[in-house]
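Inspection log for the structure reproduced underneath, given as C-alpha cells.
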Amino acid sequence: MRSVHFFDTTLRDGEQSPGVNLSTEEKVAIALQLERLGIDVIEAGFAASSRGDGESIRQVARAVRTSTVVSLARAVEKDIDRAYEALKDAESPGIHVFLATSPIHRKYKLNMSRDEVLDQAEAAVRRARKYFPWVEFSCEDGGRTEKDFLCRVAERVIEAGADVLNIPDTVGYLTPVEYGEIFRYLKQNARGIEKVRLSAHCHDDLGMATSNTLAAVETGVEQVEGTINGIGERAGNAALEEVAMALATRESFYQAAVNLNLKEITKTSRMVSKMTGMFVPGNKAVVGANAFAHEAGIHQDGMLKNSATYEIMRPETVGLTDTRLVLGKHSGRHAFRDKLVGMGYSFTDHQLNELFVRFKELTDRKKTVEDEDLVSLVEEKWGEPEETFALDSIHLSYGNRSVPAASLRLRDTRNGRMLEEAACGNGSVDAIFRAVDRVTGEGMELEDYKIVSVTHGKDALGEVYVQLRQGEYTAQGRGVSTDVLEASARAYIKAVNRMMIRRDGSRESRSSEVPVGS
Ligand SMILES: CC(=O)SCCNC(=O)CCNC(=O)[C@H](O)C(C)(C)COP(=O)(O)OP(=O)(O)OC[C@H]1O[C@@H](n2cnc3c(N)ncnc32)[C@H](O)[C@@H]1OP(=O)(O)O
Ligand SMILES: CC(C)C(=O)C(=O)O
Ligand SMILES: [Mg+2]
C-alpha cells in the first residue's frame, strides 16, 4: 500500500493565525513534538519574514533529527538566500518556494503576465535547487488558476528540478470534487508530472479543508499539508489530526498508509493549543474534549454493551486513556448504575430507581453531574451520616508579613464537649485544615480541593469541595458559605465526619438499606 507523507505547517501557516506569535523556544518544543508524532516535513517558518523567524528556523533545524525542516520563501533571490542561511547546517534541510498563479493574483497582486510568472517560478526553483536537497514549489491560489496554465507552471518547475509540486486551495474556495479534478487533470496533461510528488494544501474558509485534502488523496496525491488543530490564516488550514485519523480509520477505502505515531496526537494538540493560546472547541473532531465523550442514555447503554456501537475510533489510538461517559440530562439507568458501582456503591434495583429519579431532578438544574454530586445524592437520600464534629466558631489571623493562623471551636456531638485548637499553616486554608486535624486527632491527606463560585457578584456564594484520603479510605465533603474560608472549614469537617463513618461504621443503627460506600 502506498504511504501518505505529512507536511506540517503549524509553525508557519499556523503562526499566521491572528494573535499567535511563537517564541524560538516554543517553536523548538512544538517541532520536537511533531517529530515524535512522525511528521515527515516541518515547515518551521518564513526566514525572510524577520531575523527572529530566521533564528527560530535555525534552532528548530538544530534540534530536529529525523524530519525534514523547511522554510517558506517567495520566488525571489533574497528569500531563497535567507532560507539557505537559516538552514545550511540542518541535518535534512528543504525549501518551500511559492508564487501565485491565478488570474486575480497575477493581475492585482503581482502585476505580472503569465510568461513572467512562468519565468520567475522557473528561476526561483533553479536557484533553490542549487542550495537545497529538497525543493517544493507551490502555485499559490492554484485552486483558482486556469488548469492549462497550471500544467505549464508544473512543467517549468519540474524541468527546473522541483521535488514536490503543491497545489494550494489558498482561499478555501473549492469543493472536494473540483479539487480532486485539478490533480486528475495535471496527471493527464502535464509533461513530466510523474517525476514530482504531488501535495495538497487546503484552507477551511467554507469548512471543507479536510474533505478537500482527502479528495486529493483519493486521486493519488502523496503528500498532505496542514496544521495541528487546524489553526492558520483566517479560518485555518486542514487539521492534520483529522486527515490522519480519517486515513487510518478508513484505510481500506483510501488504500493509503499513515506512518504517524497516532498516540502522540492528543499530546501534540494540547501543546499547540497551550502555546498558541488557540483553544480547541469541545466538539472538534479527534481532539475536542467531547470527541470521545458520550452523554445520551441510549448511546451510553450501547457503549457499555459494545463500544463499536457508537465509537469508530478508540480513544487509546490518539493517546487518550479512556472514553468518557458523561452523566447529564440525557443519561439513562445503565450509565448511572455503572458510574455508582465504579465509585464503590452497591444497591438493589429498587434503590437504583429511587436514586435515578433524584438524579434526573438534579440534571434539570445542573448541566453536568460530578462525582461529588453523586456522593451527595446517595448520602442525602439515605440521610446525611450523623456528624461527630460540628463547627461552632472559627477565627483567622492573616497578614501579608505574618504566618496565617486559625483557631477553631468544634462540638463533639458524642458528649457535647467543646474542643478548641489553633494551628499555623502555609496559607489560611492550610491553617484551618491543620487546626481541624488537631481538634479531631485525625490525620488526613488532602487529595483534592476545589472552589467554585455558586452565585455571581461581590457577595457570591462560594462552594468548596475537598477529597480526603486516610489509608485505603476516601471521603468527600462540600461546604457552602459567602466566605470561602468558612466554606473550606465546613467541607473539610464534613469529609472528616464521613471518613470516620466509612472507616469505623455508624455509631448508631445505620439502616441496612444504606448503600455501601467506597
Ligand atoms: C498564502 C500564504 O500564506 S503566503 C505567505 C504569507 N506569509 C506572510 O506574508 C508572512 C511573512 N511576511 C512578511 O513578513 C512580509 O510580508 C515580507 C517581509 C515577506 C515582505 O514584506 P514587504 O517587503 O514589506 O512586502 P509586503 O508584504 O508589503 O508585500 C509583498 C510583496 O511581495 C510580492 N510577492 C508576494 N508574493 C510573492 C512571491 N511568491 N514571490 C515574489 N514576490 C511576491 C508582492 O507582490 C509585494 O511586492 P511589491 O512590494 O513589489 O508590491
Ligand atoms: C504558501 C502557500 C502554500 C500557502 O500557504 C497557501 O497558498 O495557502
Ligand atoms: Mg496556506
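Placement of Cβ uses the backbone N, Cα and C atoms for every residue, glycine included.
Note that TrEMBL annotation is computational and uncurated.
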### Query
Which of these, Asp8, Asp13, Asp430, Asp437, does TrEMBL say binds Mn(2+) at the same site as His201, His203, Asn237?
Asp13
### Message
I'd like the per-state residue tally for the region 'Regulatory domain' (390-518) from DSSP, helix first, then strand, then coil.
### Response
34 helix, 51 strand, 44 coil
### Query
Under a criterion of Cβ-Cβ distance under 8 Å and sequence separation of at least 6, what residues of the same chain contact Asp13 (Mn(2+) binding site)?
Glu43, Thr227, Gly232, Glu233, Asn237
### Message
Please give me the CB contact count at 10 A for His203 (Mn(2+) binding site), counting all chains in the structure.
### Response
26
